[in-house]
Amino acid sequence: MGTSSSSYAPKTVYLDVDGKMQKVIFSRYCSPCDIRELLCSSSNIARNTAIRLVDSEGALVSIDPTMPTNTPNSQYKVMPQSTGQVGDKEDMFQNVLSQVAEQFSRAFRINELKTEVTNRLAMLEKRVELEGLKMVEIEKCKNDLRKLRDEMTSKGGGRVTCGCKYSFTEDGKKLSPRRDVPNYPKYTLSQETIEALKKPTFDVWHWEHNEMLSCLEYMYHDLGLVKEFNMNPITLKRWLLGIQENYRNNPFHNFRHCFCVSQMMYGMIHLCNLQERLTMTDMCILMTAAVCHDLDHPGYNNTYQINAHTELAVRYNDISPLENHHCAVAFQIISMPECNIFANIETEAFKHLRQAIITLILATDMARHGEILDSFKQNVDNFDFTNHKHVTCLKLVLIKCCDISNEVRPTEVAEPWLDCLLEEYFMQSDREKSEGLPVAPFMDRDKVTKPTAQIGFIKFVLIPMFETVMKLFPQIEEIMVQPLRDSRDHYEELKQIDDAMTERPRMVFPFRGGSKASA
């Protein structure tokens, strides 16, 4: 992450290829795809073959520029992904299906049957994970299991799954989160990656979804949350998969944004030494709220929901409809036993966690920005970490900072996020125009530019908020506040250039401007 010349040196790994050592050298700036092709070529494996890289102890190694180097005495092995044994797997699932169908025939024991199916599935999922089965190989059997559960639900009058994914398209279709086996591999994070995760400069664009899931899992373990709240590690994996499944593929409000906000929260916890000042419960509230804060975001903001009288706006009486929906989806996922990371804590403790997480997610509604920041300003000069009201106010501001923190990151990381945001804005404004609804100028593709979109937001929202937090944590100035000032200056320079380019033709060819040129 530094700028020294050593960061440009190529990386070297040693492979065991049929008992012979093969030396592979690549740049730190190669893409994971390039590195995979290089490993295939070095190991005499067809170019497009799916491969995995394991160390001398059999542990998976992440194939990316930050992968840990090794020595000639600890060579890595490149192994093609196995595709065999499908028949055995299908037999295994068919056997379970037969047993479930037999139990289902006992019509008066429907509740017992549901419990038994859930237990059998949990055992089967654990076995599948240990054997390293791929999702594509068991999709057919999983579909059969889903159909059977739906059948049980309709006949037994009970609810096995909950609808957590709501579509805003015309068909009104509802989707449920997949009850997936935790199938993403356990990556070995290099020390370089572990350290980078703690910094706001972390580049979130270089990671695939499975790798982001592994990083989130690592954060929960590293902060001690898994141990403190007695979380089942398999349940944590399943919960994270449920979270990922319930983020839509929007240009901006998607799972990568969820990871971006969660990583920034993890970074601020380390940068501000919050582990020494807040409780483990506070850490859990901050991280979980960050992970869940935009669940099932439809890509259209609260203004659209309210003006269009959508189902969500009606359900929540025009009061933060999206944020209320994010909370509801979050706890619908947690209410599923196989995804309940809080299953092993006391009822009162869970009630406290739930209320605090809801409070933080609701605070991400920008309509409440002024109210929340003013409240924090009243406390910051005499802040008391033993005062519950002060700490709650701090947590609200922290999740707000993380939610809108893109401009804190390096330009090459932040600017693509602006492109994504504008794309989502333009989708909404186009729809508002077609439906005859009011259109906000900052969302109108005919009126907004990158500089005009960012200058006011950075000057009047981001910098005042982060400078207020800086009063409590002076260490954030260099790494978080100064980048915001630099970003403001950057966009102001771009605006001056845009203005000059716009003015110049009007001065040279005044007759072409008509009445607009004289405005």
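Placement of Cβ uses the backbone N, Cα and C atoms for every residue, glycine included.
For reference, TrEMBL has these:
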type: ACT_SITE; residues: His253; note: active site, proton donor
type: BINDING; residues: His253, Asn254, Phe255, Arg256, His257, Asp294, Asp403, Gln454; note: AMP binding site
type: BINDING; residues: His257, His293, Asp294, Asp403; note: Zn(2+) 1 binding site
type: BINDING; residues: Asp294; note: Zn(2+) 2 binding site
type: DOMAIN; residues: 177-498; note: domain 'PDEase'
Among Arg256, His257, His293 [binding-site residues], residue with fewest other Cβ within 10 Å:
Arg256
Going along the chain, which residues six or more apart from the residue listed as 'active site, proton donor' have their CB under 8 A from its CB?
Tyr247, Asp294, His297, Gly299, Glu424
Rounded to the nearest angstrom, how far is the Cα of His293 (Zn(2+) 1 binding site) from the Cα of Arg256 (AMP binding site)?
13
How many whole Å apart are the CA atoms of Asn254 (AMP binding site) and His293 (Zn(2+) 1 binding site)?
11
Integer average pLDDT (0 to 100) for the domain 'PDEase' (177-498):
95
Using the Cβ center of His257, His293, Asp294, Asp403 as the Zn(2+) 1 site position, which other residues in that chain lie within 8 Å, going by their Cβ?
His253, Cys258, Val261, Ala290, His297, Thr364
Neighbouring C-beta atoms (10 Å sphere around the C-beta of Asn254 (AMP binding site)):
19
Pairwise Cα distance for Gln454 (AMP binding site)/His293 (Zn(2+) 1 binding site) [Å, integer]:
23
